[in-house]
Amino acid sequence: MVNMAKKAETTKKKKNDKRKATAAAAATSQTAQQPKKAKNDNKAAMAKGPNSLRNAHNVGMGETVSERKANELWFRKANYGTVLFESYYKNQSPSIIVAPPPPSSELQKLSKNAKKSLKKNRQRQFQSFMDCLAQPLPVAFRIRHTVPQNVKASLRATLKSLGLSPVPYDPTHLIYQTPPSLNKATIRKGGPSYSHPLASFLRTNLTSGHLSRQEIVSMIPVLCLGPSLTSTCLDLCASPGSKTLQLLETSTPSGLIVANDVHPGRVSSLEAAISRALLPSSNLERLIISNHDGSKFPDSPTLGPCYDKVLVDVPCSGDGTIRKDSSILPRWNPNTSNALHSLQCDIGFRGLEVLKVGGVMAYSTCTFNPVEDEAVVAEIVRRAEGRAGEGAVEVEGWENPLPGLVKREGVVDWRVADFVEAGEEEEEEDESKGEEVRIRWHDEGYLKAKEVGMEGAVESLWPREDIKRYNLDRCCRFLPHDNDTGGFFVALLKKHKPFGPRKTQVVAEKKKKKKKNKGGGESEAPELQPLRPIDHKTYSSLCSKHPDLPPASRLYQRGDDRDTIYLVPVQTNEIFVGDNSSGSEEKESPLNVLFAGRVFMKKLESGEYELVVKNN
């Protein structure tokens, strides 16, 4: 990246940006004098913490803020992201994007013309993939399961009059997707005042809580988990909340949903999104929203691993959402995926740790990249076997919950790469000659990659010799050009053995109030104090005026806000606090619960508490 700005300036003759290019080159030349190991350690560390995704995108773009901004500006202007993306996936494991080639024994028997024809066919498949990414994503939505049958019938009738039918592969007939001619841009053409019939229908019914906007492939993890009527489900990386809402809709009052996210701000946004969904109170009474690093999610103090189902939709590079977010492709580079890999392994393995024996976990991403997909699944299964022996966790085969939606099998072979400026260190690939940046493959493995200074290199990025025994072919990848959707990856894992004690105990993080840090910004501690069980004195006082109150173990308050009392799920104390039937502030939960259940009582100006009327 040292000369990226200068090369771009010379090639494109953009004199107005000369000063920016010079500044970026100067900043880069200073950091180039640093020891290579120190630079790599610093960049690998950037992918950790609450801003892991944003930091991972910065890896490889420079050491200082000004340098990263200048280099990313050139990266976008010169379309380097598209060059790297196409080169990476065109030369990645041959069956990631296109159909797998025939076995080598059969390939040798083919004539020269047949081989040429096969090569052209594979090129056409890849081009079909790239062409699809350039097309806007159709609008997808579903009618909520919680909507009464008569309302569902009315909604279906209206949609039929608008020329829309449920997708043919949905057995519930609740999922819809617009034709290619109707996308987010076309139904909003003309601005907010434009009254397209479908736009008006969506606005009205999203506001009323009858519909949920969600990509079709994003619905798959919850559908394949199939939460049962009494399941205790954990959504470990829950924001923005579409999957949490799915979980709430498809279980009953006897189930419990715990939605967790590492970002305090996103936790509040998650709560707001769920409130806007206008779900029945009986659904909300089963919800707990917590704020923790998913890789350090705390154990239940009394039950240990206690979740029947765990959903781990990890932070990822997101190139499966290019059709929805056009900013991803111009800044794409393989270093982002490499930087996120270790965090994804830590979160995925923590999901397995808190899962009951016999329970099932869905690991998912919205990226095509195998280093964030199969490589992570293989590593978390390997870690499980290190704790509990072979067969501790198994990748499950699963029936497609949306029959007819095309899915691709997982792969057992893939390549690892980073990117460099053309001309650095190694010879260029044929297809990237003349480009100012290029993919650098590390086919010789981890040790060689580390030796040449690959950023974020860890051994688990590469497939190992025993890779085939992990049943990675049971993983599923959904590609845009197969179904006219976004891209997605899902793996279902079943836990067969208890893991036993860890070497290092995972504990609840200590939360602090916001304060200025050395860099002048604010630390990302939650503004809200966590909810805690109601104290015995307050509960006794309430009982004298409201003799039919629920048990104290179901009533929670915030430490800094005594005006509101929340009715929380029955299982809350059992899972997060322990034996606390009388209610006590001294018996605090290790879980940082920011929202739970629903508002039950409000304090009046007189100081008395009044029951909140239940609307539904």
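For all residues, glycine too, the Cβ spot is worked out from N, Cα and C.
Caution: TrEMBL annotation is automatic and unverified by curators.
Going by TrEMBL, these are the annotated features:
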ACT_SITE  CYS366  active site, nucleophile
BINDING   ASP261, ASP293, ASP313  S-adenosyl-L-methionine binding site
COMPBIAS  1-11  compositional bias 'Basic and acidic residues'
COMPBIAS  22-35  compositional bias 'Low complexity'
DOMAIN    129-496  domain 'SAM-dependent MTase RsmB/NOP-type'
REGION    1-64  region 'Disordered'
REGION    501-531  region 'Disordered'
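Counting in whole angstrom, CYS366 (active site, nucleophile) lies 20 from ASP293 (S-adenosyl-L-methionine binding site) by their C-alpha atoms. Across the domain 'SAM-dependent MTase RsmB/NOP-type' (129-496), the prediction's mean pLDDT works out to 89. In this structure, the binding-site residues under consideration are ASP261, ASP293, ASP313, and the one with the smallest number of other Cβ atoms within 10 Å of its Cβ is ASP293. The record gives ASP261, ASP293, ASP313 for S-adenosyl-L-methionine. Within 8 Å of the mean position of their Cβ atoms, the other Cβ atoms in that chain belong to LEU236, CYS237, ALA238, SER239, ASN260, VAL262, HIS263, HIS292, GLY294, VAL314, PRO315, ILE347. Just so you know, the Cβ of the residue listed as 'active site, nucleophile' picks up 23 other Cβ atoms within 10 Å once every protein chain is counted. Spanning the listed S-adenosyl-L-methionine site, residues ASP261, ASP293, ASP313 have a farthest Cα to Cα distance of 13 Å.
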